[in-house]
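Residues annotated as substrate binding site in TrEMBL: N8, W9, K10, G169, S208, G229, G230. If you look up TrEMBL, you'll see H93 marked as active site, electrophile. Among the features that TrEMBL reports, active site, proton acceptor is placed at E163.
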Amino acid sequence: MRALIAGNWKMHGLEAQLDEIETIAASVKASPPAVDVLICPPSTLISRAVQKSAGRLNIGGQDCRSEADGPFTGDVSAEMLKDAGASTVIVGHSERRKHYGESNSMVAKKAQAAWRAGILAIICIGETATQRREGQALSTCGHQIAGSVPDEMTLAANAIGYEPLWAIGTGRSATHDEIVEVHAYIRKCLVTRFGAKGRNLRILYGGSVDPSNAREIMALPEVGGLLVGGESLKAKEFDSILRVVPSKCLISSSNVG
């Protein structure tokens, strides 16, 4: 399976922003990258983003409600995302956990909702700056994996997104050693729980990814893709990230488990 580069637009973008998706799609058509490409715009733009992508990019959602329908004003179900054309949804993003108090069990239910609707899930985990300073980065991620990842998560097309909270939107990416340590631990947790199938789940890194550091991060063991924030809003920068990422095997180390 190829690496996955996922762009999360967060709460950015009106209709004019769709020109960026059209530009990226044209570039992908002209020169296909060696990675799978996903863009997650606001839910208001998903159906139009699907049209602009012309089948050359995957379009996803940024969150979903665990229920299929009901009296939940303002929420969007996984079925609604699927109906709009989304193929994937991000669940458990640190901003959802922080601002809306989403628990591990809530995240797990959202992942199950995605699969119920027939779309894939990127389940996000990550530690705060305080947890890292106190030496709790690995235990925090392990606890989140145990609680946020449902037992049904065996399809390799799904993914885990590691996003150290202190590196999101700060311009400071985690060091290579920090990324390697956490990704190796995540892989160990997945293999311990899911056996051989745990070796095939992609582990994405997210935290101030840009064209200047994408290549080196992708070359690290157990990095199966990237979660890109602000740089995904600009076609030129996002396309640059797609181009610096080489084709690579999903699993680049064999000493886990």
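The backbone N, Cα and C atoms fix where each Cβ goes, and this holds for glycine too.
In TrEMBL, annotation is done automatically, which means it is predicted and not curated.
Bear in mind that the values here come from a model prediction, so they are computed numbers and not experimental data.
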Max pairwise CA distance, angstrom, over record-listed substrate binders N8, W9, K10, G169, S208, G229, G230: 14
G230 (substrate binding site) in three-state DSSP notation: helix
Residue, out of the binding-site residues G169, G230, whose Cβ gathers the largest set of other Cβ atoms within 10 Å: G230
Alpha-carbon distance [E163 (active site, proton acceptor); W9 (substrate binding site)] in Å: 15
Cα distance (Å, whole number) from the residue listed as 'active site, electrophile' to N8 (substrate binding site): 10
E163 (active site, proton acceptor): nearby recorded positions from H93, G169, G230, Cα cut-off 10 Å: H93
Which same-chain residues, if any, lie at least 6 apart from K10 (substrate binding site) yet have Cβ under 8 Å of it: Q62, E95, G229
Tertiary neighbours of the residue listed as 'active site, electrophile' (same chain, Cβ under 8 Å, six or more apart): N8, Q62, D63, C124, G161, E163
N8 (substrate binding site): secondary structure state under DSSP, collapsed to three categories: strand
